[in-house]
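Annotation source Swiss-Prot lists 5-phospho-alpha-D-ribose 1-diphosphate binding site at K26, 72-73, 99-100, K103, H105, 124-132, citing sequence analysis. Under the heading orotate binding site, Swiss-Prot lists F34, F35, T128, R156, citing sequence analysis as support.
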Amino acid sequence: MKPYQRDFIEFAIEQNVLRFGEFTLKSGRVSPYFFNAGLFSSGQALAKLGRFYATSLMEANVPFDVLFGPAYKGIPLATTTAVALYDHHNVDTPYVFNRKEAKTHGEGGSLVGAPLAGNVMIIDDVITAGTAIREVMAIIQQANALPAGVLIALDRQERGQGELSAIQEVERDFGMPVISIVSLNDIMTYLAEQDSPEFAKHLDAVKAYRLQYGI
């Protein structure tokens, strides 16, 4: 685990974005942890979050021409990533996002920002079922652009209905990489490093969950 990944986990815990306990997911599974990127909800938190996204993207070394933020959660994520790429890496990247409902007046259409062209890096928080990414792929194909990859905050490393995770299915179906700032393995490593009975208890619960549902 790299220092920025450890810093990100600490940051997510501080912001109450990453919590440990018992959480019932939409799938009905009872998870020992919960990750809610919507709680990165202040200027300072978003600025810091953008730096983590930008660092992950630069580390991955995947070529891209434009950032795409899927409505709604992906919009602030793509925006703060674009700002951080310029401020901290001197990379000036165009970005674009979609509206859920197309406008019929003014600038019109369902896309806002830079032209959706070339190699597109999709920015989102997590991939749970892959449904949102499939919708984005349709938008990219319609624009005759190419998917470069997906950048997310957390890879849960968890099976879907079959043997693969939603991320593995996206990589298989669309032939593009999914980059994550951290994975569940990184969270487990972080918990193991802490000298705390409480964190040790959480680690045991996460290990058991990973054995049952992990890939």
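Glycine is treated like the rest: Cβ placed from N, Cα and C.
A separation of roughly 16 Å, to the nearest angstrom, links the Cα atoms of R156 (orotate binding site) and T131 (5-phospho-alpha-D-ribose 1-diphosphate binding site). Rounded to a whole number, the C-alpha distance linking F35 (orotate binding site) with K73 (5-phospho-alpha-D-ribose 1-diphosphate binding site) is 14 angstrom.
Cβ neighbour count within 10 Å across all protein chains ranks R156 highest among the binding-site residues K26, K73, R156.
The Cβ neighbour count for F35 (orotate binding site), using a 10 Å radius and every protein chain shown, is 19.
Per the record's binding annotation for orotate, residues F34, F35, T128, R156 show a top Cα-Cα distance of 12 Å.
Of all Cβ atoms in the protein chains displayed, 10 besides its own lie within 10 Å of the Cβ of T131 (5-phospho-alpha-D-ribose 1-diphosphate binding site). Annotated orotate site F34, F35, T128, R156; additional same-chain residues within 8 Å of its Cβ mean position, judged by their own Cβ, are L25, S31, Y33, N36, V126, L154.
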